[in-house]
Amino acid sequence: MLTIAGVEFESRLFTGTGKFSSSQLMLESIKASQSQLVTVAMKRIDLKTGADDLLSPLRQAGVRLLPNTSGARNAKEAIFAAELAREMLGTQWVKLEIHPDPKYLMPDAVETLAAAKTLCERGFIVMPYVHADPVLCRRLEEVGCAAVMPLASPIGTNQGLVTEPFIKMIIEQAKVPVVIDAGIGAPSHAAHAMELGADAVLVNTAIASSASPIEMALCFKDAVNCGRRAFEAGLGRVQTQAVHTSPLTGFLQQ
């Protein structure tokens, strides 16, 4: 069971709501994934009514909403978006995203740390999207973040665990859950992240842009479960030299 800020999750697959062709397909895919934590971009919500066609079906599905600050270019904008989410959605949870460069969507480490500190002081449950930087993740943990979300590769690229060496370091040292976010493009990527010891993964593009999002959601669900079970079972040690599985000469001596 995964626990974040005192809340237990049976599923270690978190999902997003963007890029689906319809709200109905989004909802059916989320149900198929069995995800219990779903991200929602504040920039997609009608600021006048506090709702859109996303929120009602998601609430009916019983998932926990994780509003994100995607689109924020600095700490000030991210803090504003988080406060807006708390007021409109009634949640302290926030996925902190600050990426001023619209081309590569790389997270701004300096602004993210500053915003995280302020939001934690204001009582938010902060889950920051960041580079796979072990030092930065330690700093975010120290200011009170409930989890850290290092990227596997750039958002939406489906490149997989490009940052694997650094993710391993983060997992090794972290005292809060590590959720691998961004760039996970195949169920095998998700399984591998879980085999490394990640606490969860967040997947959006790979499911939403699939020819069959519902089927792909099922695949990711199974992959995450298998990867976690493999980690808990204990994977064999990787070696450079061959190791025989049975005696090579015993039968010759008989």
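Cβ atoms are placed via backbone N, Cα and C, with glycine included.
Sequence annotations record features per position, and here Swiss-Prot assigns active site, schiff-base intermediate with DXP to K95 based on sequence analysis. The Cβ of K95 (active site, schiff-base intermediate with DXP) lies under 8 Å from the Cβ of T39, L66, P67, N68, T69, M127, P128, Y129, M149, each of which sits 6+ residues away along the same chain.
The feature 1-deoxy-D-xylulose 5-phosphate binding site is assigned by Swiss-Prot to G156, A182, G183, N204, T205. Long-range Cβ proximity for N204 (1-deoxy-D-xylulose 5-phosphate binding site), meaning a same-chain Cβ under 8 A and a gap of 6 or more residues, is found for T15, G16, T17, G18, K19, T39, G156. Secondary structure at N204 (1-deoxy-D-xylulose 5-phosphate binding site), as computed by DSSP, is coil.
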Completion exercise
Most Cβ neighbours within 10 Å, among the binding-site residues G156, G183, goes to G183
Practice task
Among G156, A182, G183, N204, T205, the annotated 1-deoxy-D-xylulose 5-phosphate contacts, find the widest CA pair distance and round it to a whole Å.
Solution key: 9
Handout entry: Long-range Cβ environment of A182 (1-deoxy-D-xylulose 5-phosphate binding site), under 8 Å and at least 6 residues apart
Key = Y129, L151, A152, S153, P154, I155, G156, L202
Handout entry: Nonlocal residues around T205 (1-deoxy-D-xylulose 5-phosphate binding site), in sequence order (Cβ under 8 Å, 6 or more apart)
Key = G16, G18, K19, I155, G156, N158, G185
Completion exercise
Near 1-deoxy-D-xylulose 5-phosphate: residues not in G156, A182, G183, N204, T205 with Cβ within 8 Å of the site Cβ centroid are G16, P154, I155, T157, N158, D181, I184, G185, V203, A206
